[in-house]
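Undergrad: Starting off with a structure, shown below.
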Amino acid sequence: MAEELLLERCDLEIQANGRDHHTADLCQEKLVLRRGQRFRLTLYFEGRGYEASVDSLTFGAVTGPDPSEEAGTKARFSLSDNVEEGSWSASVLDQQDNVLSLQLCTPANAPIGLYRLSLEASTGYQGSSFVLGHFILLYNAWCPADDVYLDSEEERREYVLTQQGFIYQGSVKFIKSVPWNFGQFEDGILDTCLMLLDMNPKFLKNRSRDCSRRSSPIYVGRVVSAMVNCNDDQGVLLGRWDNNYGDGISPMAWIGSVDILRRWKEHGCQQVKYGQCWVFAAVACTVLRCLGIPTRVVTNYNSAHDQNSNLLIEYFRNEFGELESNKSEMIWNFHCWVESWMTRPDLQPGYEGWQAIDPTPQEKSEGTYCCGPVSVRAIKEGDLSTKYDAPFVFAEVNADVVDWIRQEDGSVLKSINRSLVVGQKISTKSVGRDDREDITHTYKYPEGSPEEREVFTKANHLNKLAEKEETGVAMRIRVGDSMSMGNDFDVFAHIGNDTSETRECRLLLCARTVSYNGVLGPECGTEDINLTLDPYSENSIPLRILYEKYSGCLTESNLIKVRGLLIEPAANSYLLAERDLYLENPEIKIRVLGEPKQNRKLVAEVSLKNPLSDPLYDCIFTVEGAGLTKEQKSVEVSDPVPAGDLVKARVDLFPTDIGLHKLVVNFQCDKLKSVKGYRNVIIGPA
C-alpha cells in the first residue's frame, strides 16, 4: 500500500496569477483573482509525488462566516481531466517528481470576497487535510459569463484599472474639470472595501444571506450606495452643505478617495467629515472599481431634487424676484453620481449596460438612504416602474421648473423663465483621454423630438407637454471677460423685443453668491432701472460685480448667481432669466525635477501666483497620486505671500509603478480655497 501523501507547501503563484487576472497591483502579499477565470498553483509534496492511480485530491473553497453549498458560499470539487469553465474545477498542468502544477477555475457567478482554499488528500484509507491559503475573489469584466463583462479592452482599462481621473464641476456654461485620485489599488484599499461590505446592516442582520448575495453586482452596488454615506449605518462619509467645516475637512479640499477610506478604517469605521455629492460619488467609484465593477463618475448640470415625484420644482418669489425661502426641493448647479456596467436579469431585455447609482443621501429607498442601480436606458425611455428609484433619477434630468411671483394681494402669477433647463451637459471623463465626454444623449432624447414627447407621455410629465407661452420679449444673461478670482467684471442682461409694440418695463438685476446645491448667499451687486423697449430692438444692460463685494461671501464653489427680472406693469407680466457664473481660480504650475524612473526619488515643485490685491496667509499645498506617493503629503508655507508674488513648495515623490500617473495638487489659504491642479507623469523602468 502506498504511503500517505503529505503536502510540504503550496505556492499560490501570486505574481503570475496577478498578471493574468489584472490584479498585479493588488497581489503584493495576497492572491487576488477575478471570477470565472483560470488560475494556477503549485503543490510541493513530502517524500513522494502525487500518483493519479492511488491518490485522490479534493479541494474546498469557502467564504463568509457560515458557508453552505445551498448559498453558493461553499464548494467541494475533485481533480479532473480538464478545467470546466464556469464552475469550481481543477486539473493537472504539469508534474515534475514531487511538484504538481495545477490549474483551477472559479464560477463566473461566485460571490465575491475572501475565500479559504483547502485540500483533502487521500490514499486508500489514509487521508489528510491542508489549508492551501486564502484568496480574494473579485468581479471580472474580462469574462463573458460575468454579469459585469465589458467587451472593450480600452473601456475595461478606463473603468476598472485606471486609478485617476476627473470629476466635472463649475456650471453648465463653464464646465470645470477637477482631478481626482481614485487609488483603488493603493495599499489597504481592497481590505477596506471588503470591510465596508462587512459593516453594512444587511450583513450584520443575516451574514450568510448577505455573503451569498454578493454574487450579484446589482446587490453590491446598492450596498455600496448606502455605505458610502453614514445616514443609516457606520458608513464612510458625513454630508454637510452649510459651509461650516471647522471640525472636519471641507468637501472641496479632498483630492482623492484613498485618504478618506483610510481615515474611515483607521478610526474604527467612524464617519469622515465631510462629503458632498462629488466626494460621495468618487469614493463609490473607488470601491466599485476595486471590487471589479466597471464604474465612472457622472455629473449632471442643472440637476433637480424632486421629493414628491411630481416632476416639478416650484419657486415662489416676491415681487422683486427674490426667493421667499430656501427649500429642500431645489435645482442643484450640478450633481454627481456614478454609473456601473452590469447585466440586469431582473429587468426586461435592453436595460443592461450602464446603471446609475447615487450614494449622496437625498431620499430613502426601501427605508435606506441609497439610490439605484437603475438602468440609464430605462430613464431615457421614461420607464418609471423600473427598479431601483427610476422616478427620482428621471426627475434629476427631466423635471420642469416653474417660478411664481407673489403679488401685493397675496396672489401669484407665473413667470416665464427660459434660462433654466434641467439635465444638461451630462458629463464623464473620456476613455483613454483627459477630455470630457458628453453623455446627455444616453439619458434623454433630443429636445422637441417626437421620442421626447413619447417619453414624457409615458412618464405622465404633463408640465413638459404643455405648450410654452410666447410673449415676443426675450432675455438672457451674458458674461464678459476676466471672470477670474480677484477681478471686477461685468455681466449683461441682453433683452430683445421681437414685436411691433413699444414696451415699458422695469429691470431688476441682482447678483448673489451661491453654493453648488442652489442655496443663495449674500448679495454682491444690484441694478434697478426703467427701460423702454422699442419695436424689434435689442438692449444690453450691464451689471458691475466688484471683488470687494463678493470676496467675503463667496463659497468654496466659486459660484455667483445673476438674476434678471423684467417686469412689464401694463401687461402684469414677469420674465425671469438666471445664470450661474464660475470664477476661475489661479493656475497651479507643477514641475517634476529629476528623471522619472521606478523606485527612484523625484521632486515635484508646485507654485501659484497670488492673483489678489491682498497678501495670502496660511498657505498649504497637498499632493497625492497613485503610484507616485504612498500617502498624501502636505507642505505648509509659513510666510505671507504678497499680491502678485509666487507661493512655492517642493514635495518628494517615490514612484513605485511604471506607466502614466497623475500627480494631483490642492492649494488652500485664507482667501483662496480648494485650488486644484494636476500633471501627468510617465514613470519609466529603473
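Just so you know, glycine gets a Cβ as well, placed from its N, Cα and C.
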Undergrad: For the set Lys444, Lys468, Lys597, Lys633, say which residue Swiss-Prot annotates with N6-acetyllysine.
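TA: With Swiss-Prot as the source, N6-acetyllysine is noted for Lys468.
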Undergrad: Starting from His335 (active site), work out which of the recorded positions listed here (Cys230, Arg478, Gly480, Tyr516, Glu538) have their Cα within 10 Å, and give them in sequence order.
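TA: So the list reads Tyr516.
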Undergrad: Glu437 (Ca(2+) binding site): which of the recorded positions Cys230, Cys277, Arg478 is the nearest Cα neighbour?
TA: Cys277
Undergrad: Distance check, please: Cα of Arg579 (GTP binding site) against Cα of Cys370 (disulfide bond), rounded to an integer number of angstrom.
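TA: Just about 31 Å between their Cα atoms.
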Undergrad: Would you say which of the recorded positions Asp358, Glu447 has the most Cβ atoms within 10 Å of its own Cβ?
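TA: The largest 10 Å Cβ neighbour count belongs to Asp358.
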Undergrad: If we count other C-beta atoms within 10 Å, could you say which of the recorded positions His335, Arg476, Arg579 has the fewest?
TA: Arg476
Undergrad: How far is it from Ala2 (N-acetylalanine) to Cys230 (disulfide bond), counting Cα to Cα, in Å?
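TA: Ala2 (N-acetylalanine) and Cys230 (disulfide bond) have their Cα atoms 60 Å apart.
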Undergrad: In whole Å, how far is Arg478 (GTP binding site) from Cys230 (disulfide bond) when you measure between their Cα atoms?
TA: 41
Undergrad: Measuring Cα to Cα, how far is Gly480 (GTP binding site) from Tyr516 (site 'Important for catalytic activity') in Å?
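TA: Given the Cα positions, Gly480 (GTP binding site) is 22 Å from Tyr516 (site 'Important for catalytic activity').
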